[in-house]
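Reading through the structure tokens given below for one structure.
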Amino acid sequence: MEKILLWLSQDPDITHVASVYIIYSLPDLFAQAHLHPIRIFLRTQNLTAPLTVTALVALILHLPINYFFVIYLKLGVRGVALASAWNTVNLNIGLLCYLAVSETALKPWKTPMSFLCFRGWQPLLALAVPSALSVCLEWWWYEVMVLLCGLLSNPEANLAAMGILIQTTGLIYVFPSSLNLGLSTRVGHQLGADQPTRAQLTTLIGLAIAVICGFTAFLLSFYVKNVLGTIFTCDAQTLALISIVLPVLGLCELGNCPQTAACGVLTGSARPKVGAHINFISFYLIGLPVAIVLAFGFHIGFKGLWLGLVAAQMSCLCMMVFALVSTDWEHQVKRAQDLTLEADNEIKGDLEESLLR
């Protein structure tokens, strides 16, 4: 990884630290791969309280764990990566313990293993891959911004400010992301229950809440623009960059919160491909060129990258809203019924085949 970053003209010292962090973050990948299926397994049963409680406990434990690795053992950036991995392991343990003791949750280990576990993946992947791609296309854009920061003058300050701002964005993203998951589940259930009017009403309410979240984030970004950076650093250049760009981040959230919620509706109505196409067009065909031109062509620098993100988020929001406004909800109910019937027929066919063997 270090060679790739150096080939991309990144600062050698920063590249070395980044490569160390990536290597020590590998355990977290395996833990995350196990965690997300458990979360989805519980959400499909409408069991969301255990997720919140487990996350709260893991967060409380994360503080002393982080101190132990970073300060006590003096592992620095390696300790940060290991602490994150440990936090994910704690989440896994908490949810597995809940599955073991709960009388409400299904017990997956009580289901006999059979070859049927390896059947019926096509309809699942047809929805899962575009949904994952839609999220990845958006978050990869932030990684591209990090790489572009390394090409600006004074990359240390720019990357430090970018890291703090991305962490801030990630914190804000918790709210529209939760709304995304809720809308996806709710709209999917209502379409499956032949309730197109309720699905449409749920969409409108969800978007209204998302708009409120966006405006709240926008106002807070102005209010804390001179304060937020001091929580993380005392470097004057980094603080100046954060103070300048934080209001721009607030503008991004005006588009990000509603479009994230809208993407959940598309997923719930089995249209993740639409969301993936919109994200690709808005972030890579609109936002990325705007960011590069403003940052390097017009020499706006760090702020120009975030203005490119504003262009991406706003264009994404417009396309998402257009997709929802033009939705035929009666047709979506019929699609949901057809998809359910198709899945049921495939399961019945697999069962009959297994009995005949």
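These residue numbers are counts, starting from 1, taken along the chain as shown.
Cβ atoms here come from the backbone N, Cα and C positions, even for glycine.
TrEMBL annotations: computationally assigned, not manually curated.
Copied over from TrEMBL:
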- 47-73: transmembrane segment (TRANSMEM)
- 79-101: transmembrane segment (TRANSMEM)
- 162-183: transmembrane segment (TRANSMEM)
- 204-224: transmembrane segment (TRANSMEM)
- 236-255: transmembrane segment (TRANSMEM)
- 276-298: transmembrane segment (TRANSMEM)
- 304-325: transmembrane segment (TRANSMEM)
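Among 79-101, 162-183, 204-224, 276-298, 304-325, 79-101 has the largest number of CB pairs under 8 A with the transmembrane segment (47-73). Packing against the transmembrane segment (304-325) from elsewhere in the chain are residues 141, 145, 148-149, 165, 203, 207, 245, 248-249, 251-256, 258-259, 262-263, 265-266, 271, 274-275, 278-279, 281-283, 286-296, 298: each is 6 or more residues past its ends and has a CB under 8 Å from a CB in it.
Take the transmembrane segment (204-224) and the stretches 79-101, 162-183, 276-298: counting Cβ pairs under 8 Å, 162-183 has the most.
Among 79-101, 162-183, 276-298, 162-183 has the largest number of CB pairs under 8 A with the transmembrane segment (236-255).
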